[in-house]
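Quick notes on the structure that follows.
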Amino acid sequence: MDLDAITEYSALHPKPSGLILQYGTAGFRTKAEHLDHVMFRMGLLAVLRSKQTKSTIGVMVTASHNPEEDNGVKLVDPLGEMLAPSWEEHATCLANAEEQDMPRVLMDISVKAAVNLQQDAFIVIGRDTRPTSEKLSQSVIDGVTVLEGQFHDYGLVTTPQLHYMVYCRNTSGQYGEATLEGYYQKLSKAFMELTKQTLCSEDEYRSLKVDCANGIGALKLKEMEHYVSQGLSVQLFNDGTKGKLNHLCGADFVKSHQKPPQGMEMKSNERCCSFDGDADRIVYHYLDVDGHFHLIDGDKIATLISSFLKELLLEIGESLNIGVVQTAYANGSSTRYLEEVMKVPVYCTKTGVKHLHHKAQEFDIGVYFEANGHGTVLFSKAAETKIRQLTKELEDEKRKAAAKMLENVIDLFNQAAGDAISDMLVIEAILTLKDLTIQQWDALYMDLPNRQLKVKVADRQVISTTDAERQVVTPPGLQEAINDLVKKYKLSRAFVRPSGTEDVVRVYAEADSQENADSLARAVSLAVFQLAGGVGETPPGF
Ligand code: 16G
Ligand code: MG
């Protein structure tokens, strides 16, 4: 390691002294102007991680659904997964080291993690469409270069596309070709094969309006459009030509405000969906004939997908197990429907894709979705091999066709990460194959009315939780207070947790009516404010 060169280059990406940032649920995320040094240092760290794992590592510059002024960075581990927890700690230490200490901290990490510095390193880099992303990704490249890592800059890509590239490169191309062309080809081929029997169905099934959050999803859907145009016609809105990224549009806005995005013409009963700013989340929505807005969130997406997969499994008659993974935010109705009507086992993990992803790996087929629209389906290697073998060996036509469909589904899901484009194609294929309208899909079950609120407290870490964030451990008395409030309402449930991405405590409540869900959420917010050191104004409504 050439410490002099590192010191010299680092001075070009100086750390504002005193600034402390945390590698959180989805990497570092803050105002773009505070991130230059973090980018340089993540370039350095990616090289160490690559040497240690002897694999290609990804670095994605994005702040997803955050406002346009923010930016962020996260590292992608060899199989497309999120960075291992011990390396999250290294990332935090390195980002926070004061300028003069940084080379020493870098050395310490390399010793602690037993990195062989002689090993080659290869890094792939991607970025979203934020005005600051190009310059910041250049700083990542500076970091990679000073440690003599090799790299490939994919430029503008969605977050899941970068995960895909990493996965492809580390599996010698078995998963797919590590190019955008390879990504489009793989997905579109699987989509066209899956839907080929139904291509003559009515036109209304084949057109979909997509709100692209004024983000990268728009560019990439435009590139992909012609690959799937025989099976699906997409009409893009909020494509970034006019509006601001994530402003009053996109999956996060639609989900949290339970409102249609601005900038999208919606006629009644038209099928619409929204991506987030880096295209790793998707939610569907429509207006009914009375003009009422209906949101179809990650829970209903998981339900549609798992019921389809379960039918195919029954058809081929193999005992592959399937499990659905959710978080505490999953609507109570979805969990009940999955367990009681569909009879699939449901598991709850902490918020954040990495927790769901990890749990989903325990099943032959693991379906995971956060209510906010992050998710995918993972097939174990054994399940995949079995299914591919069945498509070749089965003689019974019906069973063979079902196995073939499952094979297409494996290829269509981005198994490296939740991916709005890939999820969208799977959903469109299922709706077409099952001849379902968006209203019929929506009618699978009725969501319980719910409300999310935020509370500002002096230190959100005073709140600790257990049982996948469904129970508060500290501060004392808070869980008892929540229990007493929940008892006052029917079909009710509430939990609180410190946010991993914002300096707030999040509150979730659901109940038999919207009024009751709102009132429970407000009462719980007040309890948090009083028992966990609320600051500023008392939560409204009292
Ligand atoms: C991040 C997570 C997302 C989670 C959200 C929760 C990833 C890639 N993204 O965006 O899964 O739902 O944080 O945010 O893991 P919160 O902690 O602020 O509620
Ligand atoms: Mg995102």
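Glycine is no exception: its Cβ is also placed from the backbone N, Cα and C atoms.
Database features (TrEMBL):
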type     : residues                                             : note
ACT_SITE : S64                                                  : active site, phosphoserine intermediate
BINDING  : S64, D276, D278, D280                                : Mg(2+) binding site
BINDING  : E370, A371, N372, R497, P498, S499, G500, T501, R506 : substrate binding site
COILED   : 380-407                                              : coiled coil
DOMAIN   : 51-97                                                : domain 'Alpha-D-phosphohexomutase alpha/beta/alpha'
DOMAIN   : 117-167                                              : domain 'Alpha-D-phosphohexomutase alpha/beta/alpha'
DOMAIN   : 178-283                                              : domain 'Phosphoacetylglucosamine mutase AMG1'
DOMAIN   : 297-435                                              : domain 'Phosphoacetylglucosamine mutase AMG1'
DOMAIN   : 472-524                                              : domain 'Alpha-D-phosphohexomutase C-terminal'
* Out of S64, D276, D278, D280, point to the one nearest P498 (substrate binding site) in space (Cα versus Cα); all of them are recorded positions in the record. => S64
* Give the three-state DSSP assignment (helix, strand or coil) for D280 (Mg(2+) binding site). => coil
* To do: Given the recorded positions S64, E370, G500, R506, state which is nearest to D280 (Mg(2+) binding site) when distance is taken between Cα atoms.
  => S64
* Structure fact -> The DSSP breakdown of the domain 'Phosphoacetylglucosamine mutase AMG1' (297-435) into helix, strand and coil residues is 80 helix, 21 strand, 38 coil
* To do: State, in range form, which of 51-97, 117-167, 178-283, 297-435 has the highest count of Cβ pairs under 8 Å to the domain 'Alpha-D-phosphohexomutase C-terminal' (472-524).
  => 297-435
* Who are the chain neighbours of the coiled coil (380-407) in space, where the CB to CB distance is under 8 Å and they lie at least 6 residues beyond its ends? -> 193-194, 309, 312-313, 315-318, 320, 361, 363-366, 433
* **Secondary structure composition of the domain 'Alpha-D-phosphohexomutase C-terminal' (472-524) [DSSP: H/G/I, E/B, coil]** => 20 helix, 15 strand, 18 coil
* Structure fact -> A 10 Å Cα radius around S64 (active site, phosphoserine intermediate) captures, of the binding-site residues D276, E370, G500, R506, exactly D276
* Within the set E370, N372, P498, G500, which binding-site residues show a CB-to-ligand 2 distance under 6 A? -> none
* Which one of these binding-site residues, D276, D278, D280, E370, has the sparsest Cβ neighbourhood, judged by other Cβ atoms within 10 angstroms? -> E370
